[in-house]
Amino acid sequence: MSATIISGKELAASKRQEMKVEVEQLSKKGIVPGLAVILIGEHPASKSYVTGKVKACEEVGIRSLLIEKPEDIAEEELLNLIDSLNNDKDVHGILVQLPLPKHISERAVIEKISPEKDVDGFHPISIGKMMIGEETFLPCTPFGIVEMLKSKEIKLEGKHVVVIGRSNIVGKPVGQLLLNENATVTYCHSRTENMKDLTKQADILIVAVGKANFVDASYVKEGAAVIDVGVNRLDTGKLCGDVVFDEVKEVASYLTPVPGGVGPMTITMLLHNTIISAKRG
Ligand code: GUN
């Protein structure tokens, strides 16, 4: 078997085309969706992610406001900046790129963002609403993963999903979203014993470990759908995921590539959340 490749790049392009039309229609009603993106310091990967987000905004006609601040910014100054954006009616979404410098409390910053503008879906109120299945901004990477599975009509209800990774940004929420879709969810992590015994039972395997080539074919059940969330840069400069692509594609029924898989969908769901926020006004 050779897996069907789920191209996040193609799905993102078609969703962004639809969004462009929607943003044009909104602008005729005098609504221009606006996203403020705050980047602290010089973290190279963060810079590149933020550039991608700002470019994607331009592509669909969302007004983006990139605010760059030095590494040594005081926490209070950052909190005051967020406060002013909370009160700016032209800003519908606020995103503070993570990670933050050590002297700044990530929790304090995330909690300062108004839940009405929390397009990253990281605020405890957003997370709580997601947990109880209430409408809210969904975190972009997990949301993008669910959209990728649905785009191929992969059945979720009753299926066994195994998530490797338990981060607050990806692992935990993607399991919750799939539980909301009536999947049966198992989490694996660095302390899990006999991990392969669990992953080999997965109908859908989601890999968000952050280690290049962590999952080879021996982790995967024949016919499983495998979603690779990892983005790792090798010494050669090449990007690769957490999954050994060439091996796993011979076992899986569906597989996402890196690059061109989950990454473009994360940004697309951020655009989606910003448009939803603008429509709410
Ligand atoms: N750092 C890594 N991924 C993300 C993300 O989705 N949002 C923000 N704000 N920071 C990140």
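Glycine is treated like the rest: Cβ placed from N, Cα and C.
Whatever TrEMBL says is automated annotation, not expert-curated.
Since we're looking at a predicted model, the values are computed, not measured.
As recorded in TrEMBL, the features of this protein are as follows:
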- 6-120: domain 'Tetrahydrofolate dehydrogenase/cyclohydrolase catalytic' (DOMAIN)
- 139-280: domain 'Tetrahydrofolate dehydrogenase/cyclohydrolase NAD(P)-binding' (DOMAIN)
- GLY165, ARG166, SER167, VAL231: NADP(+) binding site (BINDING)
*For VAL231 (NADP(+) binding site), write down the residues of its own chain that are at least 6 apart in sequence and whose Cβ falls under 8 Å from its Cβ; none is a fine answer.*
LEU239, GLY241, VAL258, PRO259, GLY263
*May I have the DSSP-based helix, strand and coil counts for the residues of the domain 'Tetrahydrofolate dehydrogenase/cyclohydrolase catalytic' (6-120)?*
60 helix, 18 strand, 37 coil
_Max CA-CA distance, Å, over listed NADP(+)-binding residues GLY165, ARG166, SER167, VAL231_ = 16
*All-chain count of other Cβ atoms within 10 Å of GLY165 (NADP(+) binding site)*: 24
*Within the chain of SER167 (NADP(+) binding site), which residues six or more apart in sequence place their C-beta under 8 angstroms from its C-beta?*
ALA208
